[in-house]
Amino acid sequence: MARIASEEMKERLAVYFIMGSQNSERPAADVLKEALDGGVTLFQFREKGANALKGAEKEALARQLQRLCRAYGVPLIVNDDVELALAIDADGVHVGQDDEDARRVREKIGDKILGVSAHNAEEARAAIEAGADYIGVGPIYPTRSKDDASEAQGPGVLRHLREQGITIPIVAIGGITVDNATAVIEAGADGVSVISAIASAPEPKAAAAALAAAVRAAGPR
Ligand SMILES: Cc1ncc(COP(=O)(O)OP(=O)(O)O)c(N)n1
Ligand SMILES: Cc1ncsc1CCOP(=O)(O)O
Ligand SMILES: [Mg+2]
């Protein structure tokens, strides 16, 4: 297996849904299935927070969601937990600045997809050096889905990164909705990453489809 090509990565980032059991009152698998039906292109399993599942229960949920993703041909990325990603043979891992060192993660996961959070050009360049396939940039807008989120940066940070010559695939995250998705793509993101815009939507399928349409209409694809 070879590393994912940059162009394919950009396509995959179009509608990047993130969820764990804490993000919906409904069973995670039900929400994910509807989101996949709506056109989600990449999924991140992020089991985090006070009531997060641990150990065998966490792995069982990851495997259940992985089965669904595989049925739709959508890659599954594990947030933070490199050992879980390896145990279930996930398609990739996402780590932030306070997580396991990205270079070390790249060594552990071989050619699997590596996503790294970056907030500025310096972190973006370090992520690229470490072997990231994409960077997650945000929060772009205020979010209620991450307890320790830093201050919202606005879409200008995306434009700034592109102006600084950062060409790696970028996904924008934090407070993204169908109403502001166009702005982040026009500012330089290749896709949008969302939790609540899909997980809290009355109809996750319709929400995912609306995001997909907005991204495709705004982007160069
Ligand atoms: C696509 C994407 N971008 C950014 C993040 C945030 O990662 P991190 O800063 O490590 O925070 P946690 O999600 O671990 O709380 C992400 N998960 N995904
Ligand atoms: C995980 C994460 N990292 C930065 S903001 C965020 C939460 C995004 O959730 P929402 O789409 O509900 O704002
Ligand atoms: Mg993290």
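Cβ atoms here come from the backbone N, Cα and C positions, even for glycine.
Annotated 4-amino-2-methyl-5-(diphosphooxymethyl)pyrimidine binding site per TrEMBL: Gln44, Phe45, Arg46, Glu47, Lys48, Asn79, Ser117, Lys146, in sequence order. Residues annotated as Mg(2+) binding site in TrEMBL: Asp80, Asp99. Residues or ranges marked as domain 'Thiamine phosphate synthase/TenI' by TrEMBL: 15-198.
Feature map: annotations from TrEMBL on the structure.
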| residue | record | DSSP (3 states) |
| --- | --- | --- |
| Gln44 | 4-amino-2-methyl-5-(diphosphooxymethyl)pyrimidine binding site | strand |
| Asn79 | 4-amino-2-methyl-5-(diphosphooxymethyl)pyrimidine binding site | strand |
| Asp99 | Mg(2+) binding site | coil |
| Ser117 | 4-amino-2-methyl-5-(diphosphooxymethyl)pyrimidine binding site | strand |
| Lys146 | 4-amino-2-methyl-5-(diphosphooxymethyl)pyrimidine binding site | coil |
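Residue with the densest Cβ environment among the binding-site residues Glu47, Asp80, Asp99: Glu47, by other Cβ atoms within 10 Å.
Taking CA atoms as the reference points, Asn79 (4-amino-2-methyl-5-(diphosphooxymethyl)pyrimidine binding site) and Asp99 (Mg(2+) binding site) are 10 Å apart. Listed binding-site residues: Phe45, Glu47, Asp99, Ser117. Those with a CB atom under 6 Å from ligand 1: Asp99, Ser117. The Cβ of Lys48 (4-amino-2-methyl-5-(diphosphooxymethyl)pyrimidine binding site) lies under 8 Å from the Cβ of Gly20, Gln22, Asn79, Asp80, each on the same chain and at least six residues away in sequence.
Counting only same-chain residues at least 6 apart in sequence, those with a Cβ under 8 Å from the Cβ of Ser117 (4-amino-2-methyl-5-(diphosphooxymethyl)pyrimidine binding site) are His94, Val95, Gly96, Gln97, Glu123, Ile135, Gly136, Val137, Gly138. Take the binding-site residues Gln44, Phe45, Lys146: by the count of other Cβ atoms within 10 Å of each Cβ, the lowest one is Lys146. Within the model, the domain 'Thiamine phosphate synthase/TenI' (15-198) shows a mean pLDDT value of 97, rounded to a whole number. Ligand 2 lies within reach of Lys146 from the binding-site residues Gln44, Glu47, Asn79, Lys146, judged by a C-beta closer than 6 angstroms to any of its atoms. Taking CA atoms as the reference points, Phe45 (4-amino-2-methyl-5-(diphosphooxymethyl)pyrimidine binding site) and Asp99 (Mg(2+) binding site) are 16 Å apart. For Asp99 (Mg(2+) binding site) paired with Arg46 (4-amino-2-methyl-5-(diphosphooxymethyl)pyrimidine binding site), the C-alpha to C-alpha distance reads 13 Å.
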